[in-house]
Each structure stands twice: as structure tokens, then as C-alpha cells.
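As annotated in Swiss-Prot:
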type	residues	note
BINDING	D24, H25, G26, K27, S28, T29, N141, K142, I143, D144	GTP binding site
DOMAIN	12-194	domain 'tr-type G'
Amino acid sequence: MPNIEELKQRQEKIRNFSIIAHIDHGKSTLADRILEKTETVSSREMQAQLLDSMDLERERGITIKLNAIELNYKAKDGETYIFHLIDTPGHVDFTYEVSRSLAACEGAILVVDAAQGIEAQTLANVYLALDNDLEILPVINKIDLPAADPERVRTEIEDVIGLDASEAVLASAKAGIGIEEILEQIVEKVPAPQGDVEAPLQALIFDSVYDAYRGVILQVRVVNGMVKTGDKIQMMSNGKTFDVTEVGIFTPKAVGRDYLATGDVGYVAASIKTVADTRVGDTVTLADNPAAEPLHGYKQMNPMVFAGLYPIESNKYNDLREALEKLQLNDASLQFEPETSQALGFGFRCGFLGLLHMDVIQERLEREFNIDLIMTAPSVVYHVNTTDGEMLEVSNPSEFPDPTRIDAIEEPYVKAQIMVPQEYVGAVMELAQRKRGDFETMEYIDDNRVNVIYQIPLAEIVFDFFDKLKSSTRGYASFDYELSEYRRSQLVKMDILLNGDKVDALSFIVHREFAYERGKLIVDKLKKIIPRQQFEVPIQAAIGQKIVARTDIKALRKNVLAKCYGGDVSRKRKLLEKQKAGKKRMKAIGSVEVPQEAFLSVLSMDEDEK
């Protein structure tokens, strides 16, 4: 065990940093190069996007989870420094993950694509880094691209963000250019962690994973004090205590250590069996010498998008609950509560940060836990003011009060920043208007790129705004949004009736102006998707008691006259009457099978299909 002096000297050599960038600006590739350069990973083990360990991340080419890795780097001054690289996601839905990783760092490498320049999410993440008082090192990446224009990007960084980019490293992570300069800048510019080894332990939990054998494994950043195997630790939020069975670091693989001291980033295993005992953002301290107060944690993220998740096989309900609990462990922004639906049985109402987050959770449940799911249309949290003066928060359309009790409905608006090349500004404005957006302002970033700011209802963004934006700008637009306010809107709840029965899972909220078109579109779409039954099935869209659209699925009929060669007409009529009576009886008691696509079709309602 090293003495206090040695620990303090070691602390001087620690550098904690993360890499922030917009999607596809080369963040994961740069992380790969840094791992190679510091010989953390042998070339035999190297694979592209090494830190994106989830299959999903590699397939989509995005980073979803944060990862923390320890590297040793021998600098030009002859000293060996300990780097902790904390990898962060770049997508708008995972801003929460970014804020968590930045809270564990003292510096951030800002990667900007030399051809594309600054994008909306680059800005969003830089502001997060500035909030955390991080030292920001700009890196202009992909300088080997034919379209690269590093000098333009340099002035952009200075003008738009206001950072001094005179010493920005010009690099190409793919070709391995400029990596050493980046590492030297980390040594020189990123401050060593502050904190006192002799103070009581304070460690911030910034992530956790569940291991079937060792229980919950916490990923922590030690801010003060130290922790070693055999210590008794205590969670500061709920006072529960655990015995530490193992501490260690990640060099992508987990490697056991004797202790973690101030400034270290690593993991702690303490046979924590119940998932609910640990919360990301909580502070760990020692039970026999606790810290006076917890660390400043993270702000709790509120979900913006809600959807129902139902197991296709109803006996998988408990498996789904366990799976959601395990996912919640290292994704603290996921929230869920049980709900039932007449159409779909038992399931959960889940809250997500955005659509990509929802998509990723659904896919992780299906892949990692083998649960087949039906997902209902996503909705947002509405504020419903009733006639007797109550204000209800409703996220599930089927829980809306009776229309006669509603005085007014308010819906959330977001402030959307859309960065786009000049020639597409018209297309973006048209899309935003169509989505009921209110124009706020427009700023020119350089000669060619414009930042357009709109106030748009979140419910309109939830559907397919992002895909539409990408297709109307050939993929050049980038987009970031934050919740701004609630506003009164003319909203109504639309129910879909099959064979006269409401299907609660197909209900949705729509603006009165678009109600008729939306209703017509959905009934036509359902007609194509729901298979024909033995009896005629009417599909209706209704607002309250008023039917606004209807279509019928024609019945299948068996040719009952086939075995009746020639024969009397009354014989034929008798067979047809018998069939008719059978169909009538069937219709009275028959239920309609609704395939999964029907629920999804409500989501992908496309104005362009009109």
C-alpha cells in the first residue's frame, strides 16, 4: 500500500478527460487511436470502435453508453501520466449520459470535423462542458478529407463557440495524424484532479452494470479519500452499507486493483444484490468515517416521450419487469410503471428522453433479454386543466378525462436549433411550419451555414421530425432541442374503433385542425394492415361521440355453393341464408386480431401520403 506522499504525487500525474463531438465527427475512432498510441490495447485485440462494446452501438455507428478507461502515457518530459478517458455519446437523446461523464472529468477534447464544421450537438455538448468548468482542447479532425477546410473551421470555433482555436490540433484519427500532439496537450493543459486523499471518502457513481455473479458493479470517480477491498461503504442517499469485495479499473477489460484513490476512475463491486439500492449520481462514502455531505450529483432528467411496452407473450411480464430494472441501472433516465390495456394486457408505461432512446431501449430488451414486445404510439406529457379547476399531467391518451370535463389542454413546446446549409433553409422552414412550429430567429454561422431556431410542439417532433429533416436536407441538417414551455393548444383525443369497440392502445392526441385528415389516413392504413376476417369489420375514427372517418374491411366468404351442382334455387338460397346467420353470430362474438404493425402504423403517419 503506497503512503500518503506517494499517493499525492500520483494524483499530480492523473488526467481525467472525455471526448465530445457531434455524431460521425470521429470520436470513437480518435478514442481507438489513443488506445493504440498508449499501447493500452495490443494491435491483436484492436477492433474498430473498441469502446462501443454493445452490438447495437457498432451496428448503428453511434455511442450510447459512456465508458471509462485507464491508460498510461509516457510524455515527452519523461514522466508517465495516468489518463482516464471517459467516452461519451454524441446524440441529442443521450445528453444526460454526456453530462454524467463530464462531471467525472477535468478536461474535454472537442472534436470538430474539418469538412462539416460545427454542428448543433457539438454546441450543446460544449455548453455542458463549460457548465462543468472543463478545460476544452479543440481538435480539428479528418484533415485528410478532400473537402477539409481546417482554417474555416478554426475561425468557426472562435466565432461560434468563442474558444481560442489558435493551438487547435489538426488531426486525422483514421490516418493516425496528430495523435501525439493531442496527448501532449492533455498533459500540459488539463489540470490534475483536485481533492484530498486524507479526507473521508467521497466517490461519485457515474454508471453501474449488473453482473449475475457479483451483483451490481458501480463505476465511480473518487473525488476525495480512497477505497480498498474489505472497506465497508455506505450510500449517502439511503444510508445502506455494503462490504467491498473488489475494486479495479477498466483497460477496456476489468482489472482488479488494491485500492482506488483521489482522482481515480474505476469500479467497485460490493455484493449489492438489489438493483434499487444504487442510484447513478449518488455518493459513496465509508461507513466508519462518513463524509459530511454528498457530492453535487446530477440533475434528474425528466422523460420527454412516453410509450407503452407490452410483452407479446403475457407470461413474460415479470421477465420484462426484471429486464427494465437492469436497464435502469445504467440508464437512470429510463422510467417505467405498470399499466394494463384491454387490447394488450399487462405491460409498462415507460418514459424516454427521446425517440432514439426509445428505439435503443426496445432493441436492447429484445436482444439482451429475448423479450418480444409490442410498443404503442409514443406520446408526451400534456397538462389538462379540468372544468373544476384541477390540473392533471397525462402522458397516456387513454387516461384523458371525458371531453366535457376538459377546460383547456397545454402541450410542451421545445426550442429547436436546426443547423443547415443555406440552400436548404426553405425546406427546413416549410417542414417546421407543417409541424406547427413558430419561427423565432435565424443566425448565420458562416457564409454558407445557418442556425434556424423554432418553437415546435414536442408531440410533432416525437413522430418523425428527425427523419423528415434529414430527407428534406439530404442529411446535411443537424438538430438539437430542449424543453422550453407549455402552451395552450386546440387538442383533441382521437379513438379508433374496430367492430364498434375502442382499441385503447390505438388512441392518440391530435390537433383539431388535422384531426379529420389524420383520422382518415389511419383508418385507411389499418384497412390495409388488419387481415380480412370471416365477417365484415368497420374501422372508425372518433372524437368523443362523433365519428369523423370510417372504412370497412370486407368479409372473406367461403363458396358454400361449390358442392351444389345444378339443383334447386331454393336449396342454394338455404345454404346462403345459413352462411349469413353464421356470419352474424360470429360478428356478435368475434374478436378482431390486430397485428403489431397496426400499432406502429399510428406512429408513422405521414402527411405526404395524403
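Glycine is treated like the rest: Cβ placed from N, Cα and C.
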I want to check the contact list for I143 (GTP binding site): same chain, sequence separation of six or more, C-beta distance under 8 angstroms. What comes out?
A114, P150, L170, A171, S172, I177, G178
In the predicted model, what is the mean pLDDT computed over the domain 'tr-type G' (12-194)?
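The predicted confidence over the domain 'tr-type G' (12-194), as a mean pLDDT, is 71.
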What is the number of other Cβ atoms found within 10 Å of the Cβ of N141 (GTP binding site)?
32
